[in-house]
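Trainee: Sending over a structure as structure tokens; questions will come in a sec.
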Amino acid sequence: MSGRGKGGKGLGKGGAKRHRKVLRDNIQGITKPAIRRLARRGGVKRISGLIYEETRGVLKVFLENVIRDAVTYTEHAKRKTVTAMDVVYALKRQERTLYGFGG
């Protein structure tokens, strides 16, 4: 091995990085009907029009926190792939224990 670390294969200096599409406004992918279905599952009968944007905002903050913690676990384990267990541990750290995904 020539100083490439664990599993370092390949030749050259690393190669060009692929262009990644800039991610923005993806929160709009959480559609109004999807939010409605979640509310129905929670027993809600009528929904105010202002709820949809508020829900998207709250969901975005929640996911940012969980993903940040999950990525921290991944980096600490010197991996590049976030596993289901990383997410389970991240949720457990936030006192939102999730069962059924190993561990």
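First residue shown is number 1, and so on along the chain.
Keep in mind that glycine also has a Cβ here, set from the backbone N, Cα and C atoms.
Remember, predicted model here, so these are calculated numbers, not experimental data.
Dumping what Swiss-Prot says about this protein:
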- 1-14: compositional bias 'Gly residues' (COMPBIAS)
- 1-20: region 'Disordered' (REGION)
- Ser2: phosphoserine (MOD_RES)
- Lys6: N6-acetyl-N6-methyllysine (MOD_RES)
- Lys13: N6-(2-hydroxyisobutyryl)lysine (MOD_RES)
- Lys13: N6-methyllysine (MOD_RES)
- Lys21: N6,N6-dimethyllysine (MOD_RES)
- Lys32: N6-butyryllysine (MOD_RES)
- Lys32: N6-(2-hydroxyisobutyryl)lysine (MOD_RES)
- Lys32: UFM1 cross-link (CROSSLNK)
- Lys45: N6-propionyllysine (MOD_RES)
- Tyr52: phosphotyrosine (MOD_RES)
- Lys78: N6-propionyllysine (MOD_RES)
- Lys80: N6-butyryllysine (MOD_RES)
- Lys92: N6-(2-hydroxyisobutyryl)lysine (MOD_RES)
- Lys92: ubiquitin cross-link (CROSSLNK)
Trainee: Which one of these modified residues has the most other Cβ atoms within 10 Å of its own Cβ: Lys45, Lys80, Lys92?
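Mentor: Compared across Lys45, Lys80, Lys92, the most Cβ atoms within 10 Å surround Lys92.
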Trainee: Taking the Cβ of Lys32 (N6-butyryllysine) as reference, which residues of that chain separated by at least 6 in sequence fall under 8 Å from it?
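Mentor: Residues satisfying the criterion: Tyr52.
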Trainee: Rank the modified residues Lys21, Lys78 by the number of other Cβ atoms within 10 Å of each Cβ and report the first-ranked residue.
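Mentor: It comes out as Lys78.
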Trainee: Could you measure between Lys21 (N6,N6-dimethyllysine) and Lys45 (N6-propionyllysine) for me? Cα positions, answer in whole angstrom.
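Mentor: Each residue's Cα considered, Lys21 (N6,N6-dimethyllysine) and Lys45 (N6-propionyllysine) end up 39 Å apart.
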